[in-house]
Amino acid sequence: MEKQKWKRYWNVISSNNLGLLGISLLVIFLLIALLAPLLAPFDPTARVGAPFSKPNGDFLLGTNDIGQDILSELLYGTRVSLLIGILAALISIILGCLVGIVSGYYGGKVDSFLMRLVDLVLVIPFLPLMILLAAFIGPSFWNIILVISLLSWASPARVIRSQVLTLKTKGYVEAARSIGTSIKVILFRHILPGVIPIALSQFVMAASHSILIEASLSFLGLGDPFTKSWGTILYYAQARGAFLTDAWIWWVLPPGLLITTLVIGFAFTGYSLEEILNPRLRKER
Amino acid sequence: MDNSVLLKVNQLKKTFIKKSGTVFNRKKTEVYAVNNVNFEIKKGEILGIIGESGCGKTTTARMVMRLMEESSGEILFEGNNLCTIKNAETNRLRKNMQMIFQDPYDTLNPGMRIVDILMEPLNAHEKNLPSNEKLKRVIEAIESIELKPAEDYLYRYPHQLSGGQRQRIAIARAVILKPSFIAADEPTSMLDVSVRAGILNLLLDLRKKMGLTMLFITHDLSTASYMCDRIAVMYQGRIVEIGPTKKIIQSPSHPYTIALVSVVKDLNYFIENREKLILDGEVDSTRKDTGCTFVTRCPHQEKVCHSKAPEIEALGNGHAVACHCHSNWLEKTS
């Protein structure tokens with residue numbers, strides 16, 4: 001039974017080119033992150049060549065200002081960017097789901113209170129506060145995750161609440177109530193499955209968002225200077241003037257392209273997951 | 001309470017508050033959705049409630065099923081007053097009272113398979129049953145609604161079934177716990193005419209087999225006369241006439257009922273008497289509670305109709321009507 005189910009899911013994914021592309025991209029990035037020590041030709045923290053080398057046989061993407069191999073930096077950076085993106089998105093979606101479901105299902109005063117809180121978080125100027133927070137609590141891996149998730153749960157909460165509001169009035173929720181099903185079961189079996197497709201697409205958006213925010217914070221020098229993420233690579237590239245010389249081709253472009261590709265991978269995966277969880281979106285075969 | 005009465009509704013009332021005006025000059029108007037409704041249903045009986053859209057028939061059913069709080073009044077089910085008992089107790093009683101909803105496309109969760117949908121009542125009320133026993137009950141229920149072979153339907157999703165089949169599944173979900181009472185809220189109004197009769201016959205069949213008592217809500221007099229032992233006619237939240245089906249159809253006593261019946265009964269009679277039967281005027285449920293609610297549209301109104309609300313008045317043989325002057329104009333017309 002279970003096996004059949006997974007087989008059916010796989011059929012849905014594999015019949016969708018975009019989904020397949022998205023999943024392949026994510027799998028590739030995941031493999032890169034996991035196998036970074038095997039793939040990377042050098043230790044990214046070691047000085048292995050002359051500073052500012054152009055790409056050559058030994059260093060495919062050249063070296064940076066202190067002679068570290070940029071390719072190895074990028075491969076290891078996948079780990080940090082991916083992890084921060086996923087963790088921050090996960091925390092903000094869980095928070096958003098919780099607030100959205102409680103607010104939407106119970107309504108009334110609880111709803112008003114939580115939604116005013118959401119409004120408060122939403123109207124705060126995002127980037128300045130983030131910069132302030134990051135600067136104030138200090139740059140570290142976990143602080144970055146905390147800052148991102150603390151400021152990005154509000155819009156998923158709002159979207160999920162609105163979905164719960166429409167789900168609540170569905171006939172099958174009312175039918176479940178008239179049957180005598182407990183609230184716990186109603187929330188888990190009827191409301192949550194209806195929320196998951198939206199939560200997933202929100203997760204995808206939040207994950208790509210988090211990756212971008214991490215990159216921009218690091219680029220501004222507010223990330224942890226000792227962890228090598230794509231953002232910090234860009235930060236050093238900018239600080240050492242790579243934007244003004246030929247070096248942008250091998251120092252600035254690759255991390256930028258990687259960030260874009262990863263974000264696209266998340267988006268495409270989100271679409272096909274949505275199709276699995278909402279049978280009505282499936283094409284008849 | 002009389003032992004043969006399963007459900008008794010006393011002075012049931014539901015008002016909604018309509019807000020209007022600005023912040024400084026806020027007006028709150030009460031809108032009566034259901035106004036002093038009384039009826040009782042005997043064991044094994046089908047009581048039909050008919051009336052136009054917005055007359056309060058669905059609201060009444062939802063209050064009986066405890067999907068909505070009443071404003072005042074009492075609902076007695078098997079001797080328990082549903083309006084005062086606690087939620088947990090209500091949930092226990094739901095085992096004996098189930099509802100069939102109007103829209104079969106909306107009432108089955110599109111993400112659940114038929115087997116999961118039918119398991120839901122069992123999971124709520126018979127948790128301790130072993131799962132193969134539950135599956136057996138589900139198959140029995142599918143067979144009882146004449147979808148055969150049952151195994152073919154178990155693992156399908158609702159969107160793979162037709163409207164009639166979905167409504168049958170909804171009925172199976174309502175009867176799987178073997179309840180004593182079912183409220184059916186316009187179960188055929190969203191279906192094609194061709195499958196309606198099948199669903200109605202199925203309900204009558206189940207009633208015979210399981211001794212079901214039913215509250216049958218419809219806006220269609222012919223459906224009601226086919227299904228029901230007794231009919232209550234609702235107009236703007238009030239029951240204006242109640243009685244055995246035969247009486248209501250053959251000798252309607254309220255001008256509203258007469259208008260309803262004449263359309264179905266005899267097209268010739270209807271065409272000849274158009275002016276007298278077509279109902280003019282507006283429906284306004286916010287109007288003050290003085291006078292008969294039907295007065296804006298009634299062709300036979302007299303002075304007293306504007307000042308005093310008619311009480312429901314027995315005519316004998318379980319037939320009752322709420323109209324000041326039914327005796328006067330009935331003589332005139334006959």
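Glycine too: its Cβ is placed from the backbone N, Cα and C atoms.
TrEMBL annotations:
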| type | residues | note |
| --- | --- | --- |
| DOMAIN | A:78-270 | domain 'ABC transmembrane type-1' |
| TRANSMEM | A:20-40 | transmembrane segment |
| TRANSMEM | A:82-106 | transmembrane segment |
| TRANSMEM | A:113-135 | transmembrane segment |
| TRANSMEM | A:141-160 | transmembrane segment |
| TRANSMEM | A:191-213 | transmembrane segment |
| TRANSMEM | A:248-273 | transmembrane segment |
Could you tell me whether the transmembrane segment (A:248-273) and the transmembrane segment (A:141-160) are in contact, taking contact to mean 3+ Cβ pairs under 8 Å with a sequence separation of 6 or more?
no
Can you tell me which parts of the same chain pack against the transmembrane segment (A:82-106), counting only residues 6+ beyond its ends and a CB-CB cutoff under 8 A?
29-30, 33, 114-115, 117-118, 141, 144-145, 148-149, 152-165, 167-168, 187, 191-192, 195, 199, 202-203, 206-211, 213-214, 229, 262, 266
Near the transmembrane segment (A:20-40), which residues from the same chain, at least 6 beyond its ends, have a CB less than 8 A from one of its CBs?
13-14, 69, 71-72, 75-76, 78-79, 82-83, 261-262, 264-272
